[in-house]
Each structure stands twice: as C-alpha cells, then as structure tokens.
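Okay, so here's the structure we're looking at.
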Amino acid sequence: MLRTMLKSKIHRATVTQAYLHYVGSVTIDADLMGAADLLEGEQVTIVDINNGARLVTYAIAGERGTGVIGINGAAAHLVHPGDLVILISYGTMEDAEAHAYQPRIVFVDADNKPIDLGHDPGSVPLDISVAAELFDPRIGAR
C-alpha cells in the first residue's frame with residue numbers, strides 16, 4: 001500500500017511579494033528550500049493563515065538569503081504580501097517507509113530566516129517568539 005505523507009513544511013512564513021501576471025508558482029528563498037528539502041518544480045500546498053485560502057502550485061528557487069516568499073500568477077488574488085503562510089509538500093511512499101519517515105519541519109522568523117528545524121509535525125518549539133501563540137495538539141493551549 002502507498003501512503004501520502006507530510007514530507008516538508010515551512011511554518012508561518014511571511015509573503016514578501018505577489019505578482020499576478022506571471023505563469024504561476026511560489027518563489028521560495030533557496031536557503032529555505034534546502035532546509036525544507038524542497039526541489040524546484042515540486043508540488044507545494046500553500047495555506048494562508050490570514051484568510052484560510054488553500055492552493056496547490058509548484059516551487060521555484062528564489063535568491064538565497066533574501067527570505068523571499070513570492071506568490072505568482074492567479075494565486076496572487078488569494079494570498080497577499082504580509083500574509084502568514086504554511087508551505088507544505090507531501091510524498092508518496094510504501095507503508096514501511098512511511099512508518100519510519102521523518103519530515104522536514106522549518107519554523108521561520110518574521111524575516112523568513114530558519115529559527116527551528118525539526119521532524120515532528122505536531123510539535124511547537126518552546127524557544128521561538130511565536131510559541132505562545134501556537135496550539136500544540138498533543139498538550140493543548142500553552
């Protein structure tokens with residue numbers, strides 16, 4: 001049996017730009033793509049924390065070290081500069097691999113710089129400034 005599992009997540013990134021007249025995709029700082037194990041052209045789900053919009057597109061690498069998160073094409077109608085987003089990638093794997101697989105979870109600061117790297121999709125790092133705002137599904141509200 002094949003299972004579709006969380007592969008990568010960049011949590012609470014800030015959208016830095018949006019270009020409506022573009023062929024599509026999301027531009028992600030190449031450093032963030034590396035931290036999250038994302039490849040150019042990989043399918044990515046974007047969840048907008050501000051308005052609840054969800055959409056599927058593909059990743060393209062942006063300039064390293066810039067913190068760029070750019071929404072391109074028609075998605076710019078749904079997701080705007082300043083919005084907080086979660087970028088998610090899924091992978092399909094055999095059952096045995098799914099039981100052992102550890103996803104890449106990247107928490108970022110307000111400038112989209114990685115501040116916590118982990119593998120637990122449900123954990124909330126205690127040492128980041130937004131931790132008090134986040135609900136940990138395993139322990140409840142903080």
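Each residue, glycine too, has its Cβ placed from N, Cα and C.
What Swiss-Prot records for the substrate site is G73, A74, A75, and among T57, T66 the residue it adds there is T57. For the pair T57 (substrate binding site) and S25 (pyruvic acid (Ser)), the Cα-Cα distance reads 5 Å. When secondary structure is read from DSSP and collapsed to three states, T57 (substrate binding site) falls in the strand class. G73 (substrate binding site) is surrounded by 17 other CB atoms, counting those within 10 A of its CB over all protein chains shown.
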